[in-house]
Structure formats: C-alpha cells, structure tokens
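TrEMBL has this to say about the protein:
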TRANSMEM  21-42  transmembrane segment
DOMAIN    25-338  domain 'Acyltransferase 3'
TRANSMEM  54-78  transmembrane segment
TRANSMEM  99-120  transmembrane segment
TRANSMEM  140-156  transmembrane segment
TRANSMEM  168-190  transmembrane segment
TRANSMEM  196-214  transmembrane segment
TRANSMEM  226-248  transmembrane segment
TRANSMEM  254-272  transmembrane segment
TRANSMEM  284-308  transmembrane segment
TRANSMEM  320-341  transmembrane segment
Amino acid sequence: MRKAKQEAVPALLDEKTVLSHTIYFLRFALIVAVVFTHSRFVGPSTQYEGGYSLFVYLFTGVFERLPALVLFSGFLFFRSGFSIPVYGRKLKSRVRSLLVPYLFWNAAVLLFYLCLQLFLISRGETPDSKCVWEYTAHDWWMAVWGGPVARQFWFIRNLMVVMLFSPVFYVLVQYLRVWGVLLCALPWFLGVDVVLRMHTYTFFFFALGAWFALNKRNFVKDMEPYMGLSGIVFLLVAAWQVVCHLQGWRQVEWINKIGLCASVVFLIAWIGRMVGRGTLRVNVPLCQTSFFIFALHFILVGLVRKLLASFVPLSGWNCFWMHLLTAASVTLFCIGLYKLLHRLAPRFLSVITGGR
C-alpha cells in the first residue's frame with residue numbers, strides 16, 4: 001500500500017523542464033483566453049442587463065493576455081545568444097514559423113471574403129464591405145499588413161517587426177542592462193500606446209524577455225518569490241479598475257500598467273510553481289494546438305455569434321451563456337480539426353502553423 005502511494009507522487013521536474021512546460025501551458029491558456037475575449041456579444045443596450053457588462057470588462061479591460069506571450073517570444077529569440085550568424089538563422093526560422101503562416105491565413109481570409117461576396121452578388125445582394133476585386137494598392141497594403149485582414153494576426157505582425165529589429169534590442173539590453181529594458185518601457189508608461197500600428201508594450205516585454213535570455217536567467221524561478229506580492233498588487237489594481245468602470249471615473253493609465261506587469265509576474269510564478277510541484281501536469285501535445293486555435297478562431301467566432309444572435313434575443317443572461325458556448329465550441333472544434341489534420345495532412349498542417 002505504501003509503495004502504491006509512493007508511485008502516485010509525481011516526480012519533481014528539473015528547472016529547464018518547468019520553464020518549458022510553463023511556457024507551453026501559458027501559451028495555450030492565454031490563446032484560449034483570447035478566444036474567450038473575442039467571443040463577447042455586441043448588440044443593443046439590453047445585452048448589458050445584469051452583470052454581463054462587468055463580466056466582459058473583467059476579461060477585456062482588466063486581464064491582459066498578450067504581454068506574457070511577447071515576453072516568451074523575446075526570451076526564446078535570444079535564448080541561444082546573439083551574433084550576426086545567429087541573427088540570420090533566427091530570421092530564417094521565423095520566416096517558416098511566423099511569416100509563412102501569416103501570409104497563408106491572411107490569404108485564406110481574403111479568399112473567404114471573396115467567395116462570400118460572390119455568393120451575395122449571385123443572390124442580388126450588395127456586400128457590406130468593398131469587394132476584393134476592387135481593392136486599390138492601399139487596400140491591399142491594409143489587408144495584408146496594415147489591418148491585417150486576419151485581424152488577430154496584428155500580434156504576429158508586431159512580433160515579426162521587433163524580431164527584425166532585434167539587433168537594436170540586443171545592444172540596449174547587452175550594454176545598458178536593466179536601463180535598456182526600462183528605456184524600452186518608457187513610451188508605454190508615458191502613455192504612447194501605439195506607434196506606427198505597433199503596441200508599445202511589445203517593445204518592453206520583448207526587451208524583458210531578451211534580458212532574461214541574455215543573462216541566462218530562468219524567469220519562472222526568478223519570479224516565483226514575488227508571486228504573493230504581485231498577486232496582491234494585481235488584485236488591488238483590478239479592484240480599482242472595476243470601481244472606476246462601475247462609477248464612470250477616469251482611469252489612471254500608469255496604475256493600470258503596473259497592474260498589468262504584476263499580473264504577468266503572478267501568472268508566470270503561479271503556474272510555474274504548480275508545474276514544479278507536480279500539481280499541474282502539462283499536456284504538451286494539447287498545448288501545441290495553441291497557434292492553430294489562434295489562427296482559425298476569429299472567423300469561426302464571428303460565424304457562431306451571428307448564428308446564435310439570429311435565434312436568441314441579446315439580453316444580459318443570454319449574452320452570458322452564448323459567450324461561454326461560443327468560446328468553448330470554437331476552441332473544441334479547432335482542437336478537433338488540428339488533431340484530424342495532424343493525422344491526415346501533417347505536412348500541410350506544419351506549413352500553416354509554422355512547424356508547430
């Protein structure tokens with residue numbers, strides 16, 4: 001009996017495995033959170049009956065999903081050091097892992113819109129948006145890069161830009177150390193949130209990830225001692241944001257950004273601790289579906305929301321359960337389709353997901 005109990009105790013993982021499994025799990029969890037955010041219903045004011053307005057605000061205004069993913073990207077980009085040959089190899093690998101999927105999914109969305117517009121015209125209806133075959137050079141630029149037409153891929157576009165300019169981040173972090181990271185944070189904390197369609201928090205969190213990598217630091221291990229403090233700060237700031245939202249008070253942006261930073265530290269430390277203790281066992285094959293979910297979910301969410309809204313009145317309670325149903329059904333469908341493609345067309349799946 002004692003032997004059976006001993007075998008049931010999960011083996012402790014080494015620090016590198018804890019780090020990689022924490023990244024795997026949070027990538028998946030945060031992408032599912034993105035699906036959840038995009039599943040919100042927007043309609044008549046009756047949708048805000050009850051607590052639905054607050055429910056949506058908690059997941060769109062309080063809890064940020066993407067900064068941690070940027071930190072992971074900066075860390076992984078610089079993990080093997082930096083030199084001109086390494087830079088060339090990294091860019092070459094990112095062509096496969098980011099640029100090719102970026103172009104494929106934007107082309108797929110454009111093709112979807114084209115088919116939809118042709119279908120509407122064949123029925124004598126007028127499409128809501130400009131027809132694809134009428135696009136000017138500016139329209140094509142906006143569709144492929146400016147928007148882009150696959151809306152969620154603005155995040156991938158931003159990552160590709162900072163990776164292209166990674167030598168700048170290397171110089172700042174390598175020679176200015178922590179001051180270089182703080183310099184990258186300056187525009188964001190000063191309230192300049194977007195520069196040339198780039199979210200400025202991308203500069204800060206990419207530089208922060210680079211700092212951990214170039215200094216051979218394990219950010220999960222380094223953040224774990226601050227789990228309690230960061231959790232308290234995050235909860236206090238979140239409570240303040242909710243009060244401001246309910247009372248209609250003006251938000252103090254730098255306080256919100258401190259709360260965002262605290263949430264990133266808390267989330268990484270909390271998940272890392274559970275992974276390290278064996279409380280959370282990470283299903284790596286499941287987590288590998290995260291990019292496919294990210295790439296496919298946006299159009300599916302739109303279709304499911306439109307279908308549900310055509311049958312169900314947009315009251316507060318209805319919006320709540322339809323929100324949950326949309327997010328869950330789209331996520332499960334994407335996972336199922338990924339598994340099917342992995343079995344039937346693994347090479348094609350590898351191309352459209354960047355080898356994931």
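Placement of Cβ uses the backbone N, Cα and C atoms for every residue, glycine included.
All TrEMBL annotations are machine predictions without curation.
At the 8 Å Cβ threshold, with sequence separation of at least 6, the transmembrane segment (140-156) lacks contact with the transmembrane segment (320-341), having fewer than 3 such pairs.
Taking every recorded stretch in 21-42, 196-214, 254-272, 320-341 and counting its Cβ pairs under 8 Å to the transmembrane segment (284-308), the highest total belongs to 320-341.
Looking at 54-78, 196-214, 226-248, 254-272, the range that has the most CB pairs within less than 8 A of the transmembrane segment (168-190) turns out to be 196-214. Residues 18-19, 22, 25-26, 29, 62-64, 67-68, 71, 188-189, 191, 201, 205, 219-221, 223-227, 230-231, 233-234, 236-238, 240-241, 280 of the same chain, all 6+ positions outside the transmembrane segment (254-272), place their C-beta atoms under 8 angstroms from a C-beta of that stretch. Averaged across the domain 'Acyltransferase 3' (25-338), pLDDT in this predicted model comes to 89.
Distant neighbours of the transmembrane segment (226-248): 54, 57-58, 61-63, 255-256, 258-259, 262-263, 265-266, 269-270, 273; these residues of the same chain sit at least 6 beyond its ends, with a Cβ under 8 Å from one of its Cβ atoms.
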